[in-house]
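Peer 1: Just dropping this structure here.
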């Protein structure tokens with residue numbers, strides 16, 4: 001029998017003089033333990049990754065060679081008997097200490113949750129209707145909440161005799177309480193996607209929106225997925241391999257802010273405490289962003305080769321070196337936001353093999369294939385920009401969807417025949433094609449690599465063992481029964497039926513069922529993918545395509561099908577991520593369940609309330625010439641997409657112009673099988689084992705609006721971080737996630753201050769450094785061919 005002791009979290013700025021120790025008893029037969037440790041050693045010795053032994057304790061040296069972060073490898077043993085996580089990135093960020101006696105369910109937790117959810121949801125909703133828009137990142141809430149919580153912890157310790165459970169000062173502001181507030185804000189502060197649907201319906205389809213309908217649409221589209229998140233915990237949240245890398249940045253930030261322990265660890269010669277390191281990075285990042293973000297924006301879009309008089313209007317030069325509509329062949333920037341635009345998830349938390357797979361895909365499809373097809377004028381590509389997120393008509397203007405609508409906003413085929421076919425830039429088409437492949441590849445990959453584990457965990461949720469964090473969590477806290485999540489899901493699906501059937505949505509109930517099934521069927525494969533790689537496959541395109549064939553010429557139905565077919569899964573996976581964060585922070589799962597539902601209800605009410613107020617109090621809202629920029633660009637994009645994707649029959653069916661893209665569904669099936677066969681047949685072929693087909697297909701999914709320029713920057717930074725990891729592993733383990741938290745929080749706070757205090761009131765700084773990068777073909781999204789007035793391009797018949 002072995003015993004692991006964990007000291008309590010420090011509740012104050014100074015270490016507690018009498019830390020609580022909570023023993024965990026782990027029973028195991030000595031023979032099994034010896035055999036297990038022997039298997040661990042054999043597994044580690046068989047791995048080929050090199051490590052830096054300097055400044056690392058012997059226990060961590062045993063497991064550092066096996067890392068999802070470095071090689072995408074999954075621990076094959078049983079982590080039940082390990083004293084810490086088998087993954088070094090988790091060990092370096094997440095503490096195994098816990099004090100379950102810390103009280104969290106008190107007025108201050110709920111007060112801070114309410115205030116931050118209301119403020120962040122309201123501000124983000126307000127600016128979501130403006131272009132350029134502003135979204136305040138939850139990292140800002142995580143940083144700002146800390147001093148406010150510490151101030152509230154200074155209140156006198158008054159109690160009320162009539163309310164015995166009330167205490168004005170429930171104790172020190174702990175990192176657990178901080179985590180509860182942050183988790184609530186992270187899930188609900190961003191504008192609910194349903195609000196873009198409501199904006200499109202109300203402002204562009206002129207639909208009279210009942211307030212009850214708006215609440216139901218927002219709540220159901222978010223909380224149906226919560227049920228799926230809870231019911232799939234055994235596959236998506238609980239396993240040790242479900243790292244959810246993005247959460248490690250938040251964990252490191254909590255630890256940096258709250259821990260005042262004397263750090264004796266020497267990391268490659270560095271002794272600086274992580275808290276001080278975080279503050280230095282945070283302040284430096286905040287101050288520096290003012291330079292590329294406002295004072296000298298040319299340092300952000302650093303296409304310096306195009307600043308000369310001979311290159312700025314040279315189409316070939318702009319195609320090669322352009323940062324906005326070109327290939328970005330000179331990937332240099334002084335602005336971190338250009339890096340973060342590339343992939344979902346922080347570069348500090350994204351495994352290097354994910355960055356490598358993604359960049360390989362970008363090089364093949366967008367640096368090699370795209371220029372070849374563009375300059376051969378395939379599918380009339382030269383009449384459109386090289387990279388663009390817009391669609392065009394046959395006069396090179398952006399496609400005006402209102403020209404093909406009836407008064408009831410259904411599509412009029414006669415008007416479509418009279419107007420123009422839809423032309424899509426090749427960058428957008430490649431993004432569609434890769435998404436088609438990714439949707440299939442994620443299923444094939446999941447079956448091949450995780451199928452047995454999925455079946456085994458279905459039969460026994462503890463199959464494969466539990467790591468130290470899950471053991472602590474399950475011993476110290478009561479879990480939420482599955483029936484809680486099942487009941488939540490049933491209730492929300494029922495309310496979803498009310499929303500789509502009792503109001504004039506033009507969305508049949510059977511289509512609602514199919515949309516929900518798409519989200520639920522994709523949940524486990526997508527959850528496993530995101531938990532390990534920090535990436536996910538967007539279902540927006542495939543749901544629009546499916547609905548376009550099921551319910552052709554019905555754009556209103558297309559809106560709601562995408563909402564329930566994609567956002568239900570997306571929001572559910574966001575909760576899965578936060579459930580993992582709650583496990584890392586050792587916060588009661590029952591409290592998290594209650595807080596998340598409460599925060600979602602409150603944020604939905606705030607979203608709807610703010611948008612309704614704006615509709616009635618801002619003149620010219622959602623018009624293109626609104627003087628303050630409240631043009632509803634997001635709602636307009638959703639509106640346009642719903643109409644265009646109601647016409648897939650005329651774009652992707654047999655004999656139509658873009659039909660060859662449908663072959664990528666087959667590629668998505670065959671490519672993972674081929675890679676798996678090579679890995680199985682040639683196990684010593686190191687290159688093959690690093691190929692991850694879902695990531696390869698879905699990684700470049702942000703192009704457009706991102707460009708290869710952004711992806712080159714992301715890969716370069718990821719490469720440097722991985723080099724540091726290999727050369728100075730101790731330093732990387734101690735400071736990497738803290739550095740990521742400091743950089744991203746500093747930039748996020750700086751963006752908010754610049755926008756609210758300078759740009760929104762009308763402040764401008766017009767000089768050469770802020771204008772030179774705009775005087776290029778790259779910024780103008782120049783086309784290779786320019787038609788004269790009255791000319792058209794394309795084919796004669798498109799129906």
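Cβ atoms here come from the backbone N, Cα and C positions, even for glycine.
Not my notes, these are from Swiss-Prot:
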- 1-26: region 'Disordered' (REGION)
- 13-26: compositional bias 'Low complexity' (COMPBIAS)
- 43-64: region 'Disordered' (REGION)
- 46: N-linked glycosylation site (CARBOHYD)
- 48: phosphothreonine (MOD_RES)
- 50: phosphothreonine (MOD_RES)
- 51: phosphothreonine (MOD_RES)
- 109-129: transmembrane segment (TRANSMEM)
- 136-156: transmembrane segment (TRANSMEM)
- 157-177: topological domain 'Extracellular' (TOPO_DOM)
- 178-198: transmembrane segment (TRANSMEM)
- 199-210: topological domain 'Cytoplasmic' (TOPO_DOM)
- 211-231: transmembrane segment (TRANSMEM)
- 232-276: topological domain 'Extracellular' (TOPO_DOM)
- 277-297: transmembrane segment (TRANSMEM)
- 298-313: topological domain 'Cytoplasmic' (TOPO_DOM)
- 314-334: transmembrane segment (TRANSMEM)
- 335-359: topological domain 'Extracellular' (TOPO_DOM)
- 360-380: transmembrane segment (TRANSMEM)
- 381-428: topological domain 'Cytoplasmic' (TOPO_DOM)
- 450-482: topological domain 'Extracellular' (TOPO_DOM)
- 483-503: transmembrane segment (TRANSMEM)
- 504-508: topological domain 'Cytoplasmic' (TOPO_DOM)
- 509-529: transmembrane segment (TRANSMEM)
- 530-540: topological domain 'Extracellular' (TOPO_DOM)
- 541-561: transmembrane segment (TRANSMEM)
- 591-611: transmembrane segment (TRANSMEM)
- 612-659: topological domain 'Extracellular' (TOPO_DOM)
- 640: N-linked glycosylation site (CARBOHYD)
- 681-736: topological domain 'Cytoplasmic' (TOPO_DOM)
- 737-757: transmembrane segment (TRANSMEM)
- 758-799: topological domain 'Extracellular' (TOPO_DOM)
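Help me understand the surroundings of these features in the structure.
Peer 2: Long-range neighbours of the transmembrane segment (109-129) within the same chain, counting only residues 6 or more positions beyond its ends whose Cβ lies under 8 Å from a Cβ of the stretch, are 135-136, 138, 141, 145, 148-149, 152, 177, 180-181, 184-185, 188-191, 195-196, 199, 595, 598-599, 602-603, 606-607, 610-611, 614, 621-622, 630-632, 634-635.
Outside the transmembrane segment (136-156), and at least 6 residues removed from its termini, the chain residues within Cβ reach (under 8 Å) are 108, 112, 116, 120, 123-124, 168-169, 171-173, 177-178, 181-182, 185-186, 189-190, 250, 253-254, 257-258, 282, 741, 744-745, 748-749, 752.
Computed over the topological domain 'Extracellular' (157-177), the whole-number mean pLDDT of the model equals 81.
Only residues 6 or more beyond the boundaries of the transmembrane segment (178-198), in the same chain, are considered here, and those with a CB under 8 A from a CB of the stretch are 104, 109, 112-113, 116-117, 120-121, 124-125, 128, 135-136, 138, 141-142, 145-146, 149, 209, 214, 217-218, 221-222, 250, 254, 257-258, 559-560, 563, 567, 570-571, 574-575, 578, 581-582, 585, 587, 591-592, 595-596, 598-600, 602-604, 607-608, 611, 634-635, 637-638.
Below 8 angstroms of C-beta separation, residues 192-195, 197-198, 237, 480, 482, 484-486, 488-490, 492-493, 495-496, 498-499, 503, 516, 519-520, 523, 563-564, 567-576, 579, 593, 596-597, 600-601, 604-605, 607-608, 612 of the same chain, each at least six residues beyond the ends of the transmembrane segment (211-231), sit close to that stretch.
DSSP states for the topological domain 'Extracellular' (232-276), grouped as helix (H, G, I), strand (E, B) and coil, give 20 helix, 2 strand, 23 coil.
Proximity of distant same-chain residues to the transmembrane segment (277-297), defined by a Cβ-Cβ separation under 8 Å and at least 6 residues beyond the stretch ends, is recorded for 143, 253, 256-257, 333-337, 735, 738-739, 741-747, 749-751, 754, 758-759, 765, 769-770, 773.
Residues 291-292, 321-324, 326, 328, 330, 332-335, 337-338, 769-770, 772-773, 775-779 of the same chain lie 6+ residues outside the topological domain 'Cytoplasmic' (298-313) yet bring a C-beta within less than 8 angstroms of a C-beta in it.
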Peer 1: Counting only residues 6+ away from its ends, which parts of the chain sit with a Cβ under 8 Å from the transmembrane segment (314-334)?
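Peer 2: Beyond its ends, the transmembrane segment (314-334) has Cβ neighbours at 291-292, 299-306, 366-367, 370-371, 385-388, 707-710, 712-713, 716, 773, 776-779, 781-782, 784.
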Peer 1: Select the range from 509-529, 541-561, 737-757 that forms the most Cβ-Cβ pairs under 8 Å with the transmembrane segment (483-503).
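Peer 2: The stretch I would name here is 509-529.
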Peer 1: Near the topological domain 'Cytoplasmic' (504-508), which residues from the same chain, at least 6 beyond its ends, have a CB less than 8 A from one of its CBs?
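Peer 2: Same-chain residues near the topological domain 'Cytoplasmic' (504-508) but 6 or more away: 207, 551, 554, 556-557, 560-561.
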Peer 1: By the DSSP assignment reduced to helix, strand and coil, which category contains residue 640 (N-linked glycosylation site)?
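Peer 2: Residue 640 (N-linked glycosylation site) sits in a helix per DSSP.
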Peer 1: Across all chains shown, how many C-beta atoms besides its own are within 10 angstroms of the C-beta of residue 640 (N-linked glycosylation site)?
Peer 2: 20
Peer 1: With DSSP, how much of the topological domain 'Cytoplasmic' (504-508) is helix, how much strand and how much coil, in residues?
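Peer 2: Counting residues per DSSP class in the topological domain 'Cytoplasmic' (504-508), I get 0 helix, 0 strand, 5 coil.
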